[in-house]
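Notes for the one structure printed next.
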Amino acid sequence: MVSSPPPPYSSGNMDPNPTRRILGLGFWIQGLRCLPWMAINFFLKDGLHVDPSTLQLLQNSANLPMVGKPLYGVVSDAVYISGQHRIPYIAIGAFLQAVSWLAIAILSPSGISIVTLSLCLLLSNLGASIAEVANDAIVAEIGKQPALPPKNSQSYSSGELQSFVWIASSAGGVLGNLLGGIAINIYGPQAMFLFFSLAVAVQLFIIITVRESSLNLPKSSSRVGIRKQLSELSVALQKPEIAYSITWLAASNAIIPSLTGTMFFYQTQYLNINSSVLGISKVFGQAAMLLWSVIYNRFLKSVPSKKLIAAIQGVMAAFMLSDVLFVKGVYRSMGVPDLLYVIVFSGLLEVLFFFKILPFNILIAQLCPSGCEGSLMALVASATALSFIVSGYLGVALSSFVGVTGSDFSGFPCALLIQAVCTLLPIYWSSCIPDDKKPESRSKNE
């Protein structure tokens, strides 16, 4: 049975403004995507018997559709379908995901080639990126509206709505990782693909029953064409505070060689850690994301984004240095079990990469000019996706350089040390991130 986020209203009446319901479900599904992707790791390693470099290459290459998010954002801003320009794109994205994962689930395991699997993964990520663009645009549009009196339950501040969707995404991640860790060994990866396909199909059927007018999105005075939308996006990027911020975010990720594929093989092949432990580790990370969203919303919204993001970058480097000690067996010699380290520290490090995205997205939403919310938020997501792809390719090159293979991890500590040093470098140019901008002063200027 497919679980879903709790309804935002306790009343038995139908919610006249289903914004939270639609966004909550959409971001919950985004978080749940970790379920089939965890299964893909085991399917590639145990089913297709690929090596760490090949696994990481396939993972990162499958993310290429995410780079096209600016185009999807421009299209969703400019091209209306039946008078709507957000809901139809969420439906299209859900349909593509449901079809692609269903295809992987029903194909015979012996008949699935790497090429066929790659095409299905590309189609899935195309659908996910289209849906994410529309969801992010809705959040940006609503977050830019002036706050109404507290009595009005339809008003949401930018930080409040960002935190809500962050929690929804994290909740989906917790469920996906918990199910994946426990059920992969019992039912196999393809059962996980089928489950996720059905979950996205449920989202699709719910989405097509909603009219976009019920979301109370800001009304545009006139619809603009794609060329005009591109022009407005270009004008937005000419603002130094926007261009420099996006450049820093992308560079801060791209410069770090990702070693996730190598660490996955080290934990499962060398340490013989099973999927349930990895699932619990990821659940721990998702729980940390939930806690982070609450802490940020209650205590850290007043902290300058620049300082907060730079601090997170420093914490990431510290955790990577800790990984060096872990691989060298220092913690093991101190009596710390490998399982405990994987659950706690590996789970936290995996999500630390995303901690800085919450304050960054809120900052960009404040700086975003009216009319190109979808395009600009899509560009941010695209830059982030491209940076992670570059990071993954750099990780493959680094692993090969130090001689790490599926059975030889002697050079792994050196690779982790290089990774930690690269993580510290972006802190030195964090001045590219502008100071926070208050919505009130922004609306006056507009």
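Residue numbering: from 1, along the chain as shown.
Just so you know, glycine gets a Cβ as well, placed from its N, Cα and C.
Keep in mind the model is a prediction, meaning the values are calculated, not measured.
Only residues 6 or more beyond the boundaries of the transmembrane segment (22-44), in the same chain, are considered here, and those with a CB under 8 A from a CB of the stretch are 4-5, 8, 50, 54-55, 58-59, 87, 90, 94, 101, 104, 121, 124, 128, 131-132, 135, 138-139, 161, 164-166, 168-177, 179-181, 184, 189-190, 192-193, 195-196, 199-200, 203, 206-207, 210, 215, 264, 275, 278-279, 282, 286. According to TrEMBL, the feature transmembrane segment maps to 22-44 (among others).
Residues or ranges marked as transmembrane segment in TrEMBL: 89-108 (among others).
Look at TrEMBL and you will find 164-187 (among others) tagged as transmembrane segment.
Taken from TrEMBL, the feature transmembrane segment applies to 193-210 (among others).
Taken from TrEMBL, the feature transmembrane segment covers 278-296 (among others). Taking Cβ pairs closer than 8 Å, the transmembrane segment (278-296) reaches residues 31, 34, 38, 163, 166-167, 169-171, 173-174, 177-182, 184, 264, 267-268, 342-344, 346-348, 350-351, 354-355, 358-359 in its own chain, all 6 or more past its ends.
If you look up TrEMBL, you'll see 308-327 (among others) marked as transmembrane segment.
As annotated by TrEMBL, transmembrane segment applies to 339-364 (among others). A Cβ distance under 8 Å defines the sequence-distant neighbours of the transmembrane segment (339-364), meaning residues of its chain 6+ beyond its ends; these are 136, 143, 158-159, 162-163, 166, 242, 245-246, 249, 252-253, 260, 263, 267, 271, 273, 277-278, 280-286, 288-289, 292-293, 296, 300, 305, 308-309, 312-313, 315-316, 319-320, 322-323, 326, 331, 376-377, 380, 384, 433-434, 436-437.
For 376-398 (among others), the entry in TrEMBL reads transmembrane segment.
Positions annotated as transmembrane segment by TrEMBL: 410-429 (among others). When Cβ-Cβ distances below 8 Å are used as the criterion, the transmembrane segment (410-429) is approached by residues 248, 251-252, 255-257, 259, 262, 266, 310, 313-314, 316-317, 320-321, 323-324, 327-328, 395, 398-399, 401-404 of the same chain, each at least six residues removed from its ends.
Long-range Cβ contacts of the transmembrane segment (376-398) within its own chain (Cβ-Cβ under 8 Å, at least 6 residues beyond either end) map to 53, 56-57, 59-61, 63-64, 66-74, 76, 129, 132-133, 136-137, 139-140, 233, 236-237, 242, 246-247, 249-262, 357, 360-361, 364-365, 368-369, 415, 418-419.
Using a Cβ-Cβ cut-off under 8 Å and counting only residues 6 or more beyond its ends in the same chain, the transmembrane segment (308-327) has close neighbours at 252, 263, 266, 300, 338, 341, 345-346, 348-349, 352-353, 355-356, 359-360, 409, 412-413, 416-417, 419-421, 423-424, 426-427, 430, 433.
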